[in-house]
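Participant: Pasting a structure below so you can have a look.
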Amino acid sequence: MFEDLLGGFANVFTPIHIIMLFAGVFIGILGGAIPGISGTMLVVILLPVAYGLDPIPALLLLTAVYTTSVFSGSISAILFNTPGTPEAVATVFDGYEMTKKGKAGEALGVAIFSSATGGLIGCVFLIILTPVLASLALNFSSPEYFSLIFLALVIVSVLGGGSFVKGMIGVLIGLLIATVGLDSSSGVARFTFDVTGLRSGIDFVAVIIGLFALAEVLRKVQEDYFTKDKTANPKTKFPGLGLLNRLKRTIGQSSLLGFFIGVLPGVGATSASLVSYSMSSSFSKDSKSFGTGIPEGVAAPESANNSAAMGAIVPLLALGIPGSATTAVILGAFIMNGIQPGPLLIEQQGMLVYTIIGGLLLANLSVIVFSKPFISIFSYILKAPYYIIGPMIVIFCFIGTYAVRNSMLDLVVMVIAGIVGYNLTKAKFPLAPMILGLVLGTMIEDHFRRALIISGGDFSIFFTRPISAVLLALAFLSLLIPVFKWYRRRIMEKKDKVLPGQ
Amino acid sequence: MRNIGISIVIILLSVFLFYDTFSIEAAASEEIGPTMWPRILLVSLFIFGFILLIQSLYRLKKESAEKSGDRFDAVKFWGFLILIILYIPALTYIGFIIATPLWIFMLAFIAGMRKVWLLILTPLVGTAVVTFLFPVLLRISMPRGVGFMREISYFFY
């Protein structure tokens, strides 16, 4: 493993790899900082670029974009009170307050430092945990895999934001879309309605681009994103030793918390930053000063979201099951390049895995080096109005979809997915469950059928094998979370009724 | 209201697709055939769609006065949507290289761009960038259109 690790790190420094990595860092920092372009959308739009490249440079590009966009959302959160990406929502609370106090440079410095530290801590855990999890999963066969994916899908519906019922509907729709086309084991056509183009299935890239990018444009074009603030060009100020000493506990705790939240399927960096912000404020000695513009309030969410972003890669590399919507898209990029992530990947293609991990480490480090000079250039570009960004994203959506297999039908699918996605998000349906269902659909069905073939059609195989039984038990236990939430809400409502006005 | 509409669509969809599974030609001897998994999904989808319908009806009664705070800009929404839909035939017949600057121009105008020099510059620069990046650099062959428009596209990629 150690040799692979060193080999992987060395491999990052091949010219084409390093160029792609830095291109990713640049695009990630720039794109993530512009409100209205999220990291998921950037990775989605860049998928066609991943076609034209070899697997390693393609994956380095996408993972670098993914890593740095999580950080750069904080730039506009701090300067303009508008989170550049959803992950930076919690950074607004104290970040913008610091700007109002004239401490924008200090807030940016803290954000850069905590993001990079959080990302690096996350990376270290990623390096330790991935092989362990992969070697555990080597003993898995179809029943275990079915139960594991089932658990992932249940957790993403429960914790993916929004209601559990809507999450489950999303998962089921995603799974159903994956069944369209020729069935891989019997060769029979399913839900194709005699449309020849549907026999090869619905391309998931088209669906993802529609759901995430096109739907987002339809929504954002109606809002006025033009930032009228004329913030003076702030000088980024890195935290000095005194401040570092004050922040080290917050950064350490939030990074740890963020990482483990990130490992859970479907619970990405956004939840991690919100949870760690509220944890830090409730456990802090002066919890009342959170929200008034203190560096801790920037350090907590920023270290947590970057660490969570690394955490979400662990199940992707070790099990082939993504931990968040963006990693689901990255899983798609793996599959497009003919690579199936899973426990065997690290054994058979250790070089590839460790090159990606090395790239992630370097991308996190480069946040410290590059963001300072970039931010002063950015403060102009960040004001780019949506009437320039919106039309360009539309064109990118079409190119991205068409590039996959030169199919006009895919364009139709993408536009339909965009309209559906627009309506679903308006009705507060979370999109991550649908994406996970879609990406994992073929895999879960294959394992389901294989397990039943092993058992001769006996469903008890899922409950009698110990690991599978434990995973299923966990899935059913997590179903209790929404019940518990509902019960707590009812008690709170009753309390409010008993004590009106309090 | 939107929730009720969505849940009704989901219920109808699950019933329709369940009915459609009977047209899947599965070998009768196969117990775990290609229809079993979709049917499990569709039955579950029906159940969750039904729960959502009941939930939304219940909430509608309780919070009928609640208004959604979202702004809806009909001109921008429908303008974008119609242009997006029409871009598909435009790519087929007019081709990528001519349709793209026209569409960027129209989309930007609808989105609120009013300065003349921006309205001229954005489509040209935007098209140049994406054409260089995708058809030229990454060799992604975008649709060329028909007739003389096809010939024009060969000048660029």
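Cβ coordinates come from backbone N, Cα and C, glycine included.
Take a look at what TrEMBL says about it:
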type: TRANSMEM; residues: A:16-47; note: transmembrane segment
type: DOMAIN; residues: A:18-436; note: domain 'DUF112'
type: TRANSMEM; residues: A:59-80; note: transmembrane segment
type: TRANSMEM; residues: A:107-133; note: transmembrane segment
type: TRANSMEM; residues: A:145-178; note: transmembrane segment
type: TRANSMEM; residues: A:198-218; note: transmembrane segment
type: TRANSMEM; residues: A:256-279; note: transmembrane segment
type: TRANSMEM; residues: A:312-339; note: transmembrane segment
type: TRANSMEM; residues: A:351-371; note: transmembrane segment
type: TRANSMEM; residues: A:377-400; note: transmembrane segment
type: TRANSMEM; residues: A:407-424; note: transmembrane segment
type: TRANSMEM; residues: A:467-487; note: transmembrane segment
Participant: Pairs of Cβ atoms less than 8 Å apart decide it: which stretch in A:256-279, A:312-339, A:467-487 has the most with the transmembrane segment (A:107-133)?
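Facilitator: Answer, by Cβ pair count: A:312-339.
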Participant: Compute the average pLDDT of the predicted model within the domain 'DUF112' (A:18-436).
Facilitator: 88
Participant: Would you mind listing the long-range same-chain contacts of the transmembrane segment (A:145-178), meaning Cβ under 8 Å and 6+ residues beyond its ends?
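Facilitator: Distant Cβ neighbours of the transmembrane segment (A:145-178) are 137, 191, 201-202, 204, 207, 264-267, 270-271, 315, 319, 321, 424, 427-445, 447-448, 451, 462, 467-469, 471-472, 474-475, 478-479, 481-482.
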Participant: Short question: which residues 6 or more past the ends of the transmembrane segment (A:256-279) have a Cβ under 8 Å from it?
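Facilitator: Counting only partners 6 or more residues beyond its ends, the transmembrane segment (A:256-279) has Cβ contacts under 8 Å with 70, 86-91, 93, 118, 121-122, 125, 129, 151-153, 155-157, 159-161, 290, 297, 300-312, 314-315, 321-326, 432-433, 436.
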